[in-house]
Amino acid sequence: MLLDHLSQRLRERDAAALRRHRRTVQTPCAPRQRVQGPRGPAREMLAFCSNDYLGLAAHPQLAEALAEGAHCFGVGSGASHLISGHSQAHAALERMLGDWLAPCIPQARALTFCTGYMANLALLTSLADADAAIYADKLNHASLIDAALLARAPMQRYAHGRLDVLVRWLEDSAAPIKLIVTDAVFSMDGDLADLPALLALAERHDAWLVVDDAHGFGVLGEGGRGTLAHFGLCSERFVYMGTLGKAIGAAGAFVAAHPVVIDWLVQSARTYVYTTATPPALAHAVRASLGLVGGPQGDRRRRRLGRLVRQLRCRLGALIDAHPRLGWRLPASATAIQPLIVGSNETALQLAAALEAEGLWVPAIRPPTVPAGAARLRITLSAEHTPQDVRRLVDALARAARRL
Ligand SMILES: *Cc1c(COP(=O)(O)O)cnc(C)c1O
């Protein structure tokens, strides 16, 4: 009976072409991966789906640092941070991250989390009590939406980028604690939040500005310091969340903020207090990665990524102009996230299938992840792609476009 209920719901997903499937990957994260076919044998695919923007996830120096960390610190941390799981490897990583963000947040300190999802839950539940008000961009990441629900504070979501709406809400607000919450780089569109304008609003209305920089940390700003550095902003109103599983190529996340905020999180954040600390070896590997990301190697990778982004946009722009009847759109994005919006779910799936037949792996993103009618191919680039890879992708899309 209970199983019948779930089976019925799964069949509904199938009928709406919304059933999701996992692919089993047999090789490390890289543009070229051996992937188990849905039915057939494994094959090599050229992938444009990962968030490994700098191509560091499988870097030998990171693997070495992880092994070295395991030799020094063992595998498990054994307990939560507040019991006995807080190792000197975590402490050293937190100092390093605090220093990284210090130009953007006066006296910045950092606190590491197991995942970005957990860090976001921590932020909103700790900063917002029931009489707080949360103001969020409609396109924020799902973890920020879940976090606001868990915080039990009222959340108002403004249409993407509509700061004129936000201003009105802030002016009318009587809430003693206000939080403006935004992705810095929007994960399905690749565009940047107007952080200078948001900071001005936060200052005028005495609000926190919570910034989720999952897709900017390591990629944007001098030395990969992230989107706050990209805009040259500095304020103690920032409560900054960066992830370590995307451009940094490892796993986990951190919050950087004024020391008082960090002290309060340590006391109150349930996703910090009631979970086992990540393996210290992982913290050790992340430090090695930050060393690469912040140095000349990181600069070279960011420059290479920038050239690939410009090449892809130029060629996709030409392709769209050649087929106006299709109504495809490539919204402005200077980041590694390049959304090719094609409209219907069916078209997005058809295109993804056509690319897959040519050995190209690009995910079709459909509602509810994106708004209805805005189904897309979410193309992500990595510094490990080559200009030939980009050409192969656009040529395959051009063939598919002619057949539509
Ligand atoms: C990936 C992502 C997260 C979650 O981070 P994880 O470390 O993967 O849990 C949070 N916010 C945004 C915008 C993301 O893209």
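The backbone N, Cα and C atoms fix where each Cβ goes, and this holds for glycine too.
Matching Thr125, Thr227, Thr243 to the pyridoxal 5'-phosphate binding residues that TrEMBL gives (Gly116, Tyr117, Ser187, His215) identifies Thr243. Per TrEMBL, substrate is bound by His141, Thr369; the candidate from Arg11, Arg13, Arg19, Arg20 named for the same site is Arg20. Counting only the Cα atoms, the space from Thr243 (pyridoxal 5'-phosphate binding site) to His141 (substrate binding site) is about 13 angstrom. Cβ crowding, taken as the number of other Cβ atoms within 10 Å, peaks at Thr243 among the binding-site residues Ser187, Thr243, Thr369.
Counted within 10 Å of its Cβ, the other Cβ atoms near Lys246 (N6-(pyridoxal phosphate)lysine) come to 28, all protein chains included. Annotated pair Gly116 (pyridoxal 5'-phosphate binding site) and Lys246 (N6-(pyridoxal phosphate)lysine), C-alpha to C-alpha distance, rounded: 10 Å. The record assigns Gly116, Tyr117, Ser187, His215, Thr243 to the pyridoxal 5'-phosphate binding site, and the maximum Cα to Cα distance across that set is 14 Å. Under 6 Å, Cβ to nearest atom of ligand 1: this is the test, and of the binding-site residues Arg20, Gly116, Tyr117, Ser187, Thr243, Thr369 it is passed by Gly116, Tyr117, Ser187, Thr243.
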